[in-house]
Amino acid sequence: MAGGEGEAAWPLLDEKPDVYFDGCPGCAMERRKAENPGIPYGLFFHTWIINLVTCLPVSSLFPFLYFMIRDLGIAKKVEDIGFYAGFVGASYMLGRALTSIFWGILADRIGRKPIIVITTLSSLVFNTLFGLSVHYWMAISTRFLLGFLNGSLGTIRAYAVEVCRPEHHAIGLSLVNTSWAIALIIGPAIGGYFAQPTEKFPNLFSTDSLFGRFPYFLPCLFISIICFVVLISCIWLPETLHTHKIFSLWAESDKKYGGLSFSSEDVGNVIVVTGASILLYQTFIYPHIAQVIGLINSSRVATILSMVLLFTYPPMAYLSRPWLSIVVNVASVLKSCSVATVVTCSFILQNNSVPQDQRATANGIATTLMSLFKAFAPAGAGIVFSWAQKHQHASIFPGDQMVFFLLDVVVLFELIWTFKPFLDIPKQTSSS
């Protein structure tokens, strides 16, 4: 893992970066931004069109949803059509609400591009299946899965910030919101014009054709074709996440430097196990914890657990396989679930702390700040790790211990900020 200095100014600090890591997508993007200070029109358009196609399925069904429910035969009376249509419309948002935070956390672990690809692919598959629905349960299930596998909500906002310099952040985030607004215009138009084509265009579509049997397939197919084109274009979509995180650097370094001598495959297995565990934890365990002990106490317990776990990392280097792999996986799962708890609680507290007409602004500010700190963190991690390996045999706090000690100090500040006067919950939200 070699590094070299860029020639242009560091976009966030306005000074030369200490190091770029070869093979790190995040470093490649930072170098690109440093060398090209202008507005990245191509990446902005790519981001805009990706968000557009993933939003189209959300709004395209409403012009024909009433007729679709009628034709599915689930409603015994005409007056019941609205009742069943409401559940189909809500199923997408329910699915998305259950997994949005998980997808955001996973995007911070494996990268923005994989999540964008998964979202676009799921939009293609389940939007197509929705158009082929012949039963009510199929319609509501495909809409739910469409939302459940939509991980672009927070990911695309983070990506829009990371592909440009700070002076262009406002443009990037505005384009994301603009694409959503355009989708609210184009989506209903596609659904309204292309649904029931045998009735609207009898000269082009016969009642015996595929579109006669599935009258609501054409608008879904039209959107899915666009999704397919965008999915192919994602091949050229650059990754922005820095991959030289402390864990991977530490795990893949040699044991004589306090590392674990893991291969890239070993690290990948740990990340996969951790990601799956976060999904299960966020879905089935976290809601009960937050309900029983509250948001603030959940954050505090998770923070304290993180501090304890960080102290256990350096001694892991003395373990041998298979115990090493087992212990590392357990520690990674617990640590990531702790982080997920803090992040989820923070988002809920943030939204509860401002009135409804300010929540979008608050989330935009939070996303920008998180992206800025995530830009600082990898560079800092690389510097600290390099310093630690050079001081591996120090008499007080050897290098590997110093790395995790510094991380514990950061987490300690996180714990302190959960107490007054830094965090003061309004009375109406303190009980939650």
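Glycine residues also receive a Cβ, built from the backbone N, Cα and C atoms like all the rest.
TrEMBL: automatically predicted annotations, no manual curation.
The domain 'Major facilitator superfamily (MFS) profile' feature in TrEMBL is assigned to 43-432.
According to TrEMBL, the transmembrane segment annotation covers 41-69 (among others). Remote same-chain residues near the transmembrane segment (41-69) are listed as 75, 81-82, 84-85, 88-89, 92, 116, 119-120, 123, 127, 130, 133, 136, 139, 143, 146, 150, 152, 156, 159-160, 163-164, 171-172, 175-176, 178-180, 182-184, 186-188, 190-192, 195-196, 215-216, 219-220, 223, 226-227, 230, 233-234, 237-238 (criterion: CB distance under 8 Å, separation of at least six residues from the stretch ends).
What TrEMBL lists as transmembrane segment is 81-103 (among others). Residues 57-58, 61-62, 65-66, 69-70, 74-75, 115, 119, 136, 139-141, 143-155, 278-279, 282-283, 340, 343-344, 347 of the same chain lie 6 or more positions beyond the ends of the transmembrane segment (81-103) yet place their CB under 8 Å from a CB of it.
Under the heading transmembrane segment, TrEMBL lists 115-138 (among others).
For 144-161 (among others), the entry in TrEMBL reads transmembrane segment.
Residues or ranges marked as transmembrane segment by TrEMBL: 173-196 (among others). Below 8 angstroms of C-beta separation, residues 44, 47-49, 51-52, 55-64, 67-68, 156-157, 160-161, 215-216, 218-219, 222-223, 364, 367-368 of the same chain, each at least six residues beyond the ends of the transmembrane segment (173-196), sit close to that stretch.
Summarising the annotation, TrEMBL assigns transmembrane segment to 216-237 (among others).
What TrEMBL records for 267-286 (among others) is transmembrane segment.
Per TrEMBL, transmembrane segment is recorded for 292-311 (among others). Residues 286, 331, 334-335, 337-339, 341-342, 345-346, 348-349, 404, 407-408, 411-412, 414-415, 418, 423, 425, 431-432 of the same chain sit 6 or more residues outside the transmembrane segment (292-311) yet have a Cβ under 8 Å from a Cβ within it.
Here TrEMBL flags 323-349 (among others) as transmembrane segment.
As annotated by TrEMBL, transmembrane segment applies to 369-388 (among others).
Feature annotation from TrEMBL assigns transmembrane segment to 400-419 (among others).
Of the Cβ pairs linking the transmembrane segment (267-286) with the transmembrane segment (323-349) and spaced 6 or more residues apart, 3 or more are under 8 Å, so the two regions touch. The recorded stretches the transmembrane segment (216-237) and the transmembrane segment (115-138) share 3+ CB pairs below 8 A when only pairs 6 or more apart in sequence are counted, and are therefore in contact. Note on the domain 'Major facilitator superfamily (MFS) profile' (43-432): mean pLDDT across this stretch is 84.
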